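Record features (TrEMBL):
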- K122, Q185, G214, D245, K387: UTP binding site (BINDING)
- H215: substrate binding site (BINDING)
Amino acid sequence: MLHRRVHFKSQSTLDFDSIAVSISASTMKNELDKLLQNSKVTDRRIFNLQMENFFALYRRYLLHTVKGYECDWDSIRPLGPKDVTDYMDLPPCEQGSQYLDRIAVLKLNGGMGNNMGINKPKALIELHDNQTFLDLSIQQIEYLNKRYDVAVPFLLMNSCVTNDETCKVLRKYTGYNLDISTFEQSRFPRVLVDSQLPIPKTAPSPIEEWYPPGHGDIFEALVHSGIIDRLLAQGKDYLFVSNIDNLGASVDPKILCHVIENQIEYTMEVTDKTKADVKVGILVNQDGILRLLERNQVPEKHQEEFTSDRIFKNINTNNVWLYLPAVKRVVENRELNLDVMPNIETINHNDETARVIEFTTSIGSAISQFKKTEGIKVPRQRFISVKTSADLLLVRGDLYSIDHGSLLVEDSKVGFPPPVVNLTNEFVDVAQLFRRIPHMPSIKDLTSLSISGNVYFGKNVVLKGNVVIVASPNATLNIPPNAVLENCVVSGNCKIMDH
């Protein structure tokens, strides 16, 4: 793990902290035992396993907290030539159909669109012509199967908050000749910040008392759900995993051939860092081992180095290729020891506001747990992530087109970073975004865009170069139809200045 002990506590303090850890762990274990006794769940075996995994995660969190762990920056190195393979150096795949018969595709579908004002799974966000992210993913599989005459299974790892609505929408694909299946990842109990006790006292209980523990749960969920055994029985021993909101992630036979022929257990795709990626995790070499480093693991005095693209030039795309027998091995041998990421949230519980802790893990932190691992530097078009309304604005524009479910970048922009878009709070909600910009402007020649305040767009607006649009306080700024804004600042009185 990316941590070392910091020697700033006296022995008596450490002894006291060790006692505190034991007491907290013992208290949590007692509460979980009561929860197990009081619960009437459909599958008790799975529920027991999930509570065991939650307790192990909680105990690791306690140990990390009281012992003062932090990133050992001196041991961190940028990726070297032996750590990463450039996609452009990969040879053509001569065994395309044969290797595609060995793979399944899984989309991580645990998140909601709440940060964009959308109260539904991200998979169901619409891009164009009523086509959702989920529809595009399925179109990719349909085209892949038809083109290579294969039968690649498509899986969704849902969470307790996305499962029901996603499964309901999937019914429309019942008559299709596709192998589509879903499974639900673990649900862990939320813990009150003040008491450090789990909220639920029984199960089932209201959904707000539980949370999905991040996509690092994929390994346990694959094994304990029986999905991994079913895939292996079908001859599928490789799995391509990506986020449902990464519209650039699709099966690439060249990468698949490379992974299989080099017998790599875990492959992480990385891509060039841009100004918009300063918060994204990076793949690093620590003492000869590939590890994922997140921003919150970096000491404050090294934050600038972490975010700079001069030293660490690549970011994690969360596109991951897994060898399934190796996944089964690390889970059954209890070899996984993923980094714990605690998040404090505020929820409404029993008509009162409550502060809770959620302990999560990421699929990326597992790279250090496998025997043969590698990074592959891929073109930026394999990482078109939609996390915000600004991202959605980009992918709906004329910079991209859709081909068999895959987003393709405009030919003249291949190899160039996407525009950097910054929007103020008036545009955070997608409904407000489309009300203010009902007709997409042309952005294929845009470098950067900043919109602030009460701004509205007319039809056929063209944006080029670096554009800043700022409405004056308590004023409305309307960008007129057919306006062409190029390398300029537009203020509340529509005055245009060189920028």
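Quick reminder: no glycine exception, Cβ is built from N, Cα and C everywhere.
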What subset of the binding-site residues K122, Q185, D245, K387 lies within 10 angstroms of H215 (substrate binding site) at the C-alpha level?
Q185
Take the Cβ of K387 (UTP binding site) and count every other Cβ within 10 Å, whichever protein chain it belongs to.
15
Binding residues K122, Q185, G214, D245, K387 (UTP) - maximum C-alpha distance in whole Å:
21
By a simple count, how many Cβ atoms lie within 10 Å of the Cβ of K122 (UTP binding site), its own Cβ left out?
25
